[in-house]
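Annotated features in Swiss-Prot:
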type: REGION; residues: 1-188; note: region 'N-terminal SAM-like domain'
type: REGION; residues: 189-240; note: region 'Linker'
type: REGION; residues: 195-228; note: region 'Disordered'
type: COMPBIAS; residues: 195-206; note: compositional bias 'Acidic residues'
type: COMPBIAS; residues: 218-228; note: compositional bias 'Acidic residues'
type: REGION; residues: 247-263; note: region 'Fe-S binding site A'
type: BINDING; residues: 247, 258, 261, 263; note: [2Fe-2S] cluster binding site
type: MOTIF; residues: 306-309; note: motif 'Cx2C motif 1'
type: BINDING; residues: 306, 309, 317, 320; note: [4Fe-4S] cluster binding site
type: REGION; residues: 306-320; note: region 'Fe-S binding site B'
type: MOTIF; residues: 317-320; note: motif 'Cx2C motif 2'
C-alpha cells in the first residue's frame, strides 16, 4: 500500500487568463500521483497574507506561463518554501536562474538531461560514522596479524648501536647560539674629503646648466641662427584648407570693403544689396476676381466667394469669406458705431 503524498500548487497571476495551463499540469504525471491540499496565488504568499505550515508538503509545484530562462520569482520565498517542504521533498517549476539561491537555502538541484528538473530538500539525517576494528579476526582458524614494529626514544647519553651499559656516550651536536647586540651604532660622520666631493658634484652640475643656456642663446641669436617664419610651417597644397576673405590691397580682414578696393569685395557686397532689394520689390498683386473675393464693399456682389452666402445673411457657412462680419448692404460704410451692438 502506497502512502499518499500531499502537494501544494502556487499559481502565477497570469495563469488566471490561461486556465488550460493549470489543468494540464494537474493532470500530469507529477501532481496526479499526489493529493493537492491547497492552491494559492504567489502574490498572497509574497505579501504575507498566507503563511503555510512547516514540513507539511511532499511536493510544491509553481505554475507560471513564463519561459524557464525568463522566470521572475521572489528570492525571499525560497527559504519559506524550504521550511514548508518535508525532508526529501521536491519543488517543481523553477529554473537555473535561481540556482545560487537554491543552493544557499539547502536545496539540491536534480536535472535528468533536461527531461525533468526539480529541487530536492536535503534530508537532516546524517550517516553515523562507521567504526573499523583494527584487531584481527580470529574466527575460522585465521592466523593472527603481524604486530607493527615499536620504536623507542633515543637517549642522549646512550651510545648508538650498543646497550645502555656501555661506557661510551655519544655527544650530540648543539645548535649555535647568538647574542643580542648591546652596543649602540654610532652615527656616520662626514670627513673633509666627502665634503670636497659634494662641492665637485655641484660645480659639475652648474657647468652643465651653463652649457645648455649658452646653446639656446646661440640658437636664438639672429646672427648665428636663422629665425623660422610661421607661414613656412604650413604645407602648401593645391587647395588651401584655410579660407579667409581678405582685401587684396590692405591684406586685412574687414567687414566692409574699403573705398579704393580692387580685389572684388566691393562688387560682391553690391550684388548682395541688389538681390535683397529685388526680393523686397516683389509685391503680391491680386486680379479683379481675387479682389472681389476679398473686398466685400463692391456694389452688385450679393453672394460671397463661397457661392451660397449673401452679404445680408446673419449666419454664414464655415467657408464663407464674410464669416464673422455683421450683415450689411453693398456699398455701406462700416464703422465701430454701426457694429457696437454686435460687439
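Residue positions begin at 1 at the first shown residue.
The backbone N, Cα and C atoms fix where each Cβ goes, glycine too.
These figures come from a predicted structure and were not determined experimentally.
Here the Cα atom of residue 261 ([2Fe-2S] cluster binding site) is found 65 Å from that of residue 309 ([4Fe-4S] cluster binding site).
Ranking the binding-site residues 309, 317, 320 by Cα distance from residue 258 ([2Fe-2S] cluster binding site) puts 320 first. For the region 'Fe-S binding site A' (247-263), the model gives a mean pLDDT of 68. Neighbour counts of Cβ atoms within 10 Å were compared across the binding-site residues 263, 309; the minimum falls on 263.
With respect to their backbone Cα atoms, residue 317 ([4Fe-4S] cluster binding site) and residue 263 ([2Fe-2S] cluster binding site) stand 64 Å from each other. For the pair formed by residue 309 ([4Fe-4S] cluster binding site) and residue 263 ([2Fe-2S] cluster binding site), distance between Cα atoms is given as 65 Å, rounded to the nearest Å.
The Cβ of residue 320 ([4Fe-4S] cluster binding site) has 19 neighbouring Cβ atoms from other residues within 10 Å, across all protein chains displayed. Cβ neighbour counts within 10 Å, taken over all protein chains shown, single out 261 as the most crowded of the binding-site residues 258, 261, 317.
According to DSSP, the secondary structure content of the motif 'Cx2C motif 2' (317-320) in residues is 0 helix, 0 strand, 4 coil. For the pair formed by residue 263 ([2Fe-2S] cluster binding site) and residue 320 ([4Fe-4S] cluster binding site), distance between Cα atoms is given as 59 Å, rounded to the nearest Å.
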